[in-house]
Amino acid sequence: MTYNRRTMLGLMGGTTLTAMLPTMACAQERGLDLSQQRYDRDRGWRDSVSVATMTLMVPGRGESVRQMSISALETDGDGDMSLTEFDLPRDLDGTKFLSHSFAVQPDDQWLYLPSSGQVRRISSRNKSGAFLGSEFTYEDLTSFKVGKYTYEYAREEAFADQPCHVIRQVPVYDHTGYSAVNVWLDTEHLRPLKAEFTNRAGVHFKTLTFTDYTLYQGQFWRAHTAAMANLTNGRETTMRFDQIAFGVGLDPSQFSPTRLG
Amino acid sequence: MTSRLARFYDRLLSYRIVVLIATVLVTVLIGSGMGKLAFSNDYRDFFPADDENLLAFEQVQDTFVRTNNVFVAVRANDGNIFTPDGLTRLAGLTNALWSLPHVERVESLANHQFINAGQDTIAVTDMVTLENAMTAQQAAQFRQMSLAEVSVNGLLASDNAAMAGINILISDAGVTELGKAEFMAALTRLLAEIAGDDFTTHMTGSIVIDHGFDVAAQGDLEVLYAGMYLLVLILAGVLTRSVAATFGVLLLMTCSWMIALGGAAYLGVKLTAISVAAPTVLMTLSVAQAMHIVFGVQKAGRQFTDRRAAVASSMVRNTVPLCLVAASTGIGFLAIMWSEVPPLRDLGMILTFGLIALLVLSLTFLPAFLSFFSLGSARHMRRVDRQMIGLGRFVAGRTTALAVGFGALSLCALAALPLNRINDNFIEYFSAGHIIRTDAMAINADLTGVHHAYIRADAISGSVFDPGFLAELDEFGAWLETQPNVRHVTTYADTLKRLNMALNADDAAAYALPDTRTQAVELNLLHELSLPFGQSTESMLSFDRDAAKVTIVLDNLDSSDLLILEDAIQGWIDTNASTVAYGRPTGPMSMFAHIGQSNARALLWSTLLAFAAVSVLLMIALRSVKLGLISLIPNTLPALLAFGIWGMMDGQVGLAVSIVTVMTFGIVVDDTVFLMTRFREHMRPGDFRGTLIRTLRDTGRPVINTTIILVAGFSLLAFSSFRLNEGLGILTALVMALALACDLLLLPAVLRRALFGADTRPAPRAPAVPHAAE
């Protein structure tokens, strides 16, 4: 994370140091505060299931589809657990991916391989590689945790006809692919509507937009579509979530690696 | 005709101020387009849109991750890079490279994803981290592990452990000229920080070589081309003894450039490394045209005291041959325009444009301009005249001997023609001491190859996880490894084999392809879920998993050797393909190897066609089939002889050298047309010697002046550190010098035999009075 520290120091350097400190502290506080609110509003969903359909689009080359069923369990600690069962491509049928996620420390991940009946643990320091060849990385798909980033309130700005807070998030966990993520949260519900990802060279190279929000159980907003556009290569991946259900009574033991097979 | 021309020039010169103003206006008007002139660095502009090599490359680029690479090597001067210090530096450099502009991915020992097997774990991970420095013992273990890995040894680390490689992939935005310059500046700074007493760095790759071309071409443009133009103008002044003539040449070429390039810009033409030759070609033509006209004015100055009358007289004498030269040269340029290669088409168009502008300007602006000045002294003209008479006597006195001598030498040179081959070696375009060449050679010698080729392999079954497909891919890779000039081959089969071994507790016996499709799919998923930022299997597999990319790392090799390898690959495919549909081998090096071939072939054919057309034109103009056919000798022989000599000197005919025929076409034709039309004009039956002397007195001097000026100018290019320009300079100078030699030594004998028949006896040696013999 040397890069980020350097950027911060650069920002703070020079004669503007004294003048900027109060404003910066204020912006950081406000960013953190809003993000904490965002997190708090989404607590208490306990468990959920959904079917995710990922469509990879390559200009001039057509589309390719991956499909998976996702079960998720909220925990009291700083992370959630999720179990992904692959349906498409058919070659992956029966393969399961289990993840225990944490805010800062690397996630625990296991893969169940049906052909050999084996469960393999995966080193998850690398969460920033392309997920199934898509424009998403595993990093993009893990749940939001306050401790994952430092925050800075940037500005208020409308997006998709809704007034939004723009918050600059800088990852504090290791092995990230991003130097910063700018997130647009609508002022009313603090739902993410858009995220812009900046790579290590400081270039904004991916944009994620969330659409089709639906309110579940009167409390939990879920976007049915997430579209990631890669500005460097023109490729795009959309992820559609269907059959979303909450409180289906998932058993924590289902999320144990020994029970995968 | 003559009287009509005289009336035309009379009127033109009385409105000379108007002519000058009109010239300035037209030049500025059309030349203003030059502001819009774009320079293209895009290799796509070198190919017709439907070219199969271009399509193959584009397909690979679209299907897999686009690759524009820079390769950096770090050498530990004590012979071992696997030390805590060496590895930490490598990790630091790898990390820093990520933040350079346009970088999409960096691969090195420090972030290479080693596949490790644990009890129940597969770890795909980088071994060197900045946070935890290795101990000396760990570094030694890491050395053993790295060198045992096929994906590392000979690519990211040298077998002797002294050198480590870092492969940097750059996005397409980094391939523009500005992007390249920006990236290279940042990279150079970074490498300077890391190098020192203990470490040496080298770099190569398509971007480095490309950027090197840009810099070298720019440097030559600023120093050598500037020097060449200066020398040309100075020599023009010295040889004509006239400052006005020098300025005439300068203005003539400047205006014709502006009109040609401005006009081309309006038509949306983008300049390429090939079409930038246009201004130089126009310069040569400007010199030739101006020399004829200026000499004519100077000669007429002895008869007319009125400057305008002298200019008009010269113009009346020269208009017809000048038009004939322009028409002939125009045929040559049109022939280039018909070629299939887009940059050559553009070059042909710019030149045709420039030629028309040049002809109009020589017939209007130049006489108007010259009529304001007194051109040179009578003493100078008398000396010139004496020289030409002497030359005429010398040649006429020993026609046969000269022709036989020249013919014998010609045969030797012609015999060496087959020594030439169409070939480019992009690294060797730089002279021996050039950093780009020494870096590439160091990397090539100690670590890995410097060129890359790619082959798209489609699975006929529709899935790359099909065991039959993988087996054939593996076999293909193994065969490729055995081919000459192939340094390293990467296929997805290797990755799967390594994963399979890891899944079986790193048992070397399990280094084999998975047995079933399901197993292959699972291994792939395991791999995909474990990759770090910037990495995806997209660099090796298509997004719908129906095609795989084979990457071949090649030695620094000649383009002709690459084409031989490509043929061998096609041969293997023809006999062995069953589950795989292969694309053509492709890549930047391959593309330019094919460009070199198609350019050279296109130029050869269009030049031959043009020479044939020129001889037909001369048949009509001179009203003689015989003379038209004879013109083929002085027109074609110089280039053939020059390439014969080139065959003995070097023999590599590449992209730049093949342009020599275009560069010299106009001048060679100019010499021939003037000498032959004047010879025909001055011909008196039975008086070969007198005819030759009168011809040389009339037109010998401008032809010789043009040759001296241009040969000297182009010889300067031979000092370029950029071998493209060096070869171009040497060959162009050679062709022009040989054209003059051919016109003075061989052509007289041929004309004598053809037009004077058997009744001419060899003239006696050294007669006292002109016209005394015969």
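Glycine is treated like the rest: Cβ placed from N, Cα and C.
What TrEMBL says about a protein is an automatic prediction, not a curated fact.
Applying DSSP to the domain 'SSD' (B:250-372) sorts its residues as follows: 102 helix, 2 strand, 19 coil. Per TrEMBL, the feature domain 'SSD' maps to B:250-372.
The transmembrane segment annotation in TrEMBL covers B:12-34 (among others). Same-chain neighbours of the transmembrane segment (B:12-34): 255, 258-259, 261-266, 308, 311-312, 361, 364-365, 367-369, 371-372, counting only residues six or more beyond its ends whose CB sits under 8 Å from a CB of the stretch.
A Cβ distance under 8 Å defines the sequence-distant neighbours of the transmembrane segment (B:223-240), meaning residues of its chain 6+ beyond its ends; these are 246, 249-250, 280, 283, 287, 290-291, 294-295, 298, 375-376, 705, 708-710, 712-714, 716-717, 719-720, 725. Per TrEMBL, the feature transmembrane segment maps to B:223-240 (among others).
Per TrEMBL, the feature transmembrane segment maps to B:247-267 (among others).
Note on the transmembrane segment (B:273-297): residues 39, 46, 213, 217, 225, 229, 232, 236, 240, 242, 245, 248-249, 252-253, 256-257, 260-261, 310-311, 313-315, 317-318, 321-322, 325, 329, 343-344, 346-347, 350-351, 354-355, 358-359, 362, 366-367, 370, 375, 599, 655-656, 659, 662-664, 666-667, 670, 674, 699, 701-703, 705-706, 709-710 of its chain, located 6 or more positions outside it, place their CB under 8 angstroms from a CB of the stretch. The annotation transmembrane segment is assigned in TrEMBL to B:273-297 (among others).
Positions annotated as transmembrane segment by TrEMBL: B:318-338 (among others). Through the fold, the transmembrane segment (B:318-338) approaches residues 1, 5, 285, 288-289, 292-293, 296, 344-345, 347-349, 351-352, 355-356, 358-359, 362-363, 602-603, 606-607, 609-611, 613-614, 617-618, 621, 662, 665-666, 669-670, 673-674, 677-678 of its own chain, all at least 6 residues removed from its boundaries and within a Cβ separation under 8 Å.
Residues or ranges marked as transmembrane segment in TrEMBL: B:350-375 (among others). Sequence-distant contacts of the transmembrane segment (B:350-375) (same chain, at least 6 residues past either end, Cβ-Cβ under 8 Å): 9, 12-13, 16, 19-20, 23, 240, 242, 244-245, 247-248, 251-252, 255-257, 259-261, 263-264, 269, 275, 278, 281-282, 285-286, 289-290, 293-294, 297-298, 301, 307-308, 310-312, 314-315, 319, 322-323, 326, 329-330, 333-334, 336-337, 662, 666.
The transmembrane segment annotation in TrEMBL covers B:395-417 (among others).
Taken from TrEMBL, the feature transmembrane segment applies to B:602-622 (among others). Distant neighbours of the transmembrane segment (B:602-622): 324, 327-328, 331-332, 334-336, 338-341, 344, 628-629, 631-632, 635-636, 639, 658-659, 661-662, 665, 669, 672-673, 676-677, 680; these residues of the same chain sit at least 6 beyond its ends, with a Cβ under 8 Å from one of its Cβ atoms.
Same-chain residues lying 6+ beyond the ends of the transmembrane segment (B:629-649) with a Cβ under 8 Å from its Cβ atoms: 410, 412-420, 607, 611-612, 614-615, 618-619, 657, 660-661, 664, 668-669, 671-673, 675-676, 727, 730-731, 734-736, 738-739, 742-743, 746-747, 750-751, 754. If you look up TrEMBL, you'll see B:629-649 (among others) marked as transmembrane segment.
Per TrEMBL, the feature transmembrane segment maps to B:655-676 (among others). Through the fold, the transmembrane segment (B:655-676) approaches residues 273-274, 277, 280-281, 284-285, 288-289, 292, 321, 324-325, 328-329, 332-333, 336, 347, 351, 355, 422, 424, 592, 595-596, 599-600, 603-604, 607, 610, 614, 618, 622, 627, 630-631, 634-635, 638-639, 642, 646, 695, 699, 702-703, 706-707, 710, 724-725, 727-728, 731-732, 735-736, 739-740, 743, 747, 751 of its own chain, all at least 6 residues removed from its boundaries and within a Cβ separation under 8 Å.
Among the features that TrEMBL reports, transmembrane segment is placed at B:703-722 (among others).
Marked as transmembrane segment by TrEMBL: B:728-751 (among others).
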Integer mean pLDDT for the domain 'SSD' (B:250-372): 86
